Ligand code: TYD
Ligand code: MG
């Protein structure tokens, strides 16, 4: 019998200490350190996971191999049934992967996963574990959303040992655990949701997923400042961590990847929350570009590249005489420092003097633009607001501006132009190197190579 020992663990970040103290040295949180007992033996959760796994082939360590001889046969991805979801995951669900879905209460995590497993159940066996809602509540929701639930296996369960045993029995391709914060591992004293419980539960499920080849989706809660609740180790041990957030418009939800071991992280998926559950939005430009019929000075549409697709967003600028000696520069949705740089470049190379003006920039729809392709539209919007001359509403612009006043090409210029043309834009202000060779009928292209050429276009 191993000797019982105790240690002190911060409930906020998981840091461990030999003795109690009032403040955690790692994360600075007060009163977050509690005493927990530790066992020397492997923890019970992992033991149970190991027991449940014994039925699966390849359960032991792999031994030495040459990387090129390792066959990656099992990694064929499983489409989730939602193109937006697949895109965020990097092209579908990878067998044996662990995906953590975070989001505020009411973001739609349970709805998204329920809809996904119901669609998946038409092709592969699935298992849905609900720890927060009762079976009746889940059934009611599935009925109301008219989901195909005939083949969905479901259990209300909060014990990791039982979940692993159920999964070993059902052998699903996809296992959903809603949520990791209510799960517990027997033999650990602390309450569900505490650092040690979440860590052990996640570790056991991860180990189970890797050995069994079952893809596991974990729902994770977020704290009030938007970080995932529980220990940081949760994000380390999962393969993908995605967040479901609501944009400024409460009808829409954005699925964004923060970590992905099997694909790019800059992809976003957009869903609309309707009375029939979450619906994919296949044409997101239409929602970010909800433009009025009347054109006002300082407003312009631009094409930004989000992950692997173009997105049309509206950019607004307001230039106004500053009443005090200290003019303000504020940008929402774009980089503040980039704005300061562009103002200097405009002054030096395009003769635009804004030293006594307040400057405000806003990207409509609450989207964050980090691309340098927003430079040219930003300068155009500034010019338009300063001169109080509206830009033709069929105009779209993109392009990067350098410190010497040159306009540089950006990646995927042709795709950006094609997308904007599809959305009804006909006048294009683009870097010379991005100008299309063949113009479609009705297209008007203004290729520019220096920033001062913008003056003539407003
Ligand atoms: P839910 O999936 O329960 O959120 P989470 O699991 O992330 O906490 O979603 C609940 C919210 O979604 C709730 O505020 C109402 C909304 N909703 C709809 O608008 N329509 C629907 O058909 C459903 C199922 C939910
Ligand atoms: Mg939920």
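Yeah, the Cβs are placed from backbone N, Cα and C, and that goes for glycine too.
Those TrEMBL annotations? Automatic predictions, nothing curated.
What TrEMBL lists as domain 'RecA family profile 1' is 74-222.
Around the Cβ of residue 109 (ATP binding site), a 10 Å sphere holds 24 further Cβ atoms from the protein chains shown. According to TrEMBL, the feature ATP binding site maps to 103, 104, 105, 106, 107, 108, 109, 110.
Across the motif 'RadA KNRFG motif' (259-263), DSSP classifies residues as 0 helix, 2 strand, 3 coil. Feature annotation from TrEMBL assigns motif 'RadA KNRFG motif' to 259-263.
Secondary structure counts, DSSP: the region 'Lon-protease-like' (358-458) has 36 helix, 25 strand, 40 coil. Positions annotated as region 'Lon-protease-like' by TrEMBL: 358-458.
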Can you list which of the binding-site residues 107, 108, 110 have their Cβ under 6 Å from some atom of ligand 2?
110
Any idea which of the binding-site residues 103, 105, 106, 108 has the thinnest Cβ neighbourhood at 10 Å?
105
Look up residue 110 (ATP binding site) in the DSSP assignment and reduce it to helix, strand or coil.
helix
